[in-house]
Each structure stands twice: as structure tokens, then as C-alpha cells.
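Taking it in order: structure first as C-alpha cells, then the write-up.
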Amino acid sequence: QIDPKDYTFAGLKDETVGRLPGKVAGQQFVIQDCENCSIYIFDHSATITIDDCVNCKIFLGPIKGSVFFRDCKDCKCIVACQQFRSRDCRKLEVFLCCATQPIIESSTGMKFGCFQYYYPELALQFKDAGLSIFNNTWSNIHDFTPASGENNWGLLPENAVVQDYVPLPSSEELKAVRISTDATRSIIPITRGRRQKSSDESCLAVFFAGDYTTANARKLIDEMTGKGFQLVQTKEVSMKAEDAHRVFQQCASEFIPLLEKGPVVALEFNGDGAVEGCRSTINDVFSGTKVFVSESKASASQDVDNFYNFADMQMGM
């Protein structure tokens, strides 16, 4: 028998509270009427609602469905979810991983950054919540109630440090979670999203499903960012033969047989020389692995558009 009290934080003031990995295990969770608290849910959940919270610091592990902030203000959060919504909120700063387009409504002073966090159980919690670490539209915000001449939301500074917003927990119980906020260890690849690109040259790389797809994609990200290129966006999505013709064009026939094994993982890199850099890295590091890479600077922007237009349609964006 489930006791709702085990899945609720309500009416707290000046406290540090949380749930350790394994303690929420896919249930719904409610956070309400908390003030000046630090709240950490180090587990996956079904849905989470956060109502009437003021000046709180909140970490929410992977949420299978939606997270809904209502009537909250001056909160700093780290959140991974399928759907993000806020209504009647002001001044929320959120490091976000969201599989669909985040929605704000009657909210002002909202600021978003890319989710970055690591602890050993987090990867499995993402799987348990049915979320892909590669599907993160953190910066593609939809404002339901835009006010003319005003912007209700913006992006956090590029050099924002997660720990300055949501510090590591201070309570003995929660210190047991082995957290790293080092960007290079983040479970979610850190993407530029809608930030200004530094170059007019991008490159698309697509890995096909297999035992090492995630590891290979992460390895390429490490190699490319190590060379100074920027990761703009990532996507994990299933493709059919007709999609391959649209995206891969003349080399589609080479890749179509690989699509039956499962979803592909696509990465967009940006920077002068990105295509050459990506092609040579793939030759050096991934010989023997079938990867689609843009052929030339000229075709690359078309590749990126073709793939992401297809992916957005797939995901109903």
C-alpha cells in the first residue's frame, strides 16, 4: 500500500529534504508550499507538480511524464522530463532536459540552460523513465501568453555553473549520492540549442543502432568538442526507408538496412572546418563503424535541415 505522504513535500521552510535513488521508483510526486528549501529527488518518477514554492533550490531526476510548476517564484531548478510546463511563475532558473517543446504560460523572468548532472544511477533512471539522453529541446521554449514588446524568457549565461544555482546537498543522508556537476561528465550531452552559432558551417553525423551507439556518439562528442567544435543539438529517433531517402539522399541505400535495428542518434556540430574535422575523426576513431557524415560544407547545412525537419515532424514538434 502506497502512502502519499512518502511522495509529498509540503509546507516546509528552511529545510533540506530529498529522496535517494530507488525511493520514488516511478511514482507520482507532489511538492507544495515550500519556502527557502533545498529539495532533491534522486530517482525517476511518473509526474511531478510543484505548487506555491518560493526561493527553493530543486533537483528532479528523470520524469516519465510531465513536470508542472504553478505559482512558484525565485526558484532555481535542475529538471529532466518528457514535458515541462509552468503557469503563473516568475523568476525560475532551470537547467532543463526536456524531450518535447517546453511550455510557459503567464510566466515572466524565466531563464533556461542545458541540464548537466551526473551520479551513477542516473543513466538507468533515464531508461526507466523512457527518456533518451539525446532528446533535449531545452532552449526551444513555447510561450503561450507572449506580451508584445516583452520577452518572458531567456537563456542562462553560457558559462553558468550548475552548483552556483543548485548546490550539492548538505544533509548527511543525501551526501551518499555520488554527484558530479562537471560538464564533461554530464549524463546529458551539453548542447548550444538556440544560442547563436559561432560559424556558418555545421556538420551532421548519424550513428545507427547497435550495442555501442550511445558510447560511440559520446566518444565523437568528446573528440569534436576537444577540438573546439560546438555541439548544437542531438536527437534519437526511429527512421523508415522513405525517411532515409529524404535525409541521406543518394547514399540512402547504404544505410536503409541498418534502420531496422532501432533508432538512430544524430549530432550536429558547428564551427569552421566542422565537416573536415568530423570526417577525419570518424576515419581515425570509428573505422569499421557505419556512420553517416556530411560530405562537404555545401551539403552539410541541407543535411542538418533535412534531418531535423524530419525529426521534429516525427516527434510532433
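Backbone N, Cα and C define each Cβ position, glycine as well.
Features reported for this protein in TrEMBL:
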- GLY65, SER66, GLN82, GLN83, PHE84, ARG85: GTP binding site (BINDING)
- 1-146: domain 'C-CAP/cofactor C-like' (DOMAIN)
Starting from the GTP site formed by GLY65, SER66, GLN82, GLN83, PHE84, ARG85, give every other residue of that chain whose CB sits within 8 Å of the mean position of their CB atoms, in sequence order.
THR47, ILE63, VAL67, PHE68, CYS81, CYS98, THR100
Ten-angstrom check, please: count other Cβ atoms within 10 Å of the Cβ of GLN83 (GTP binding site), all chains counted.
17
Of the binding-site residues listed (GLY65, SER66, PHE84), the greatest number of other CB atoms within 10 A surrounds the CB of PHE84
Please work out the mean pLDDT for the residues of the domain 'C-CAP/cofactor C-like' (1-146).
97
Around the C-beta of GLN82 (GTP binding site), how many further C-beta atoms are within 10 angstroms, looking at every protein chain?
19
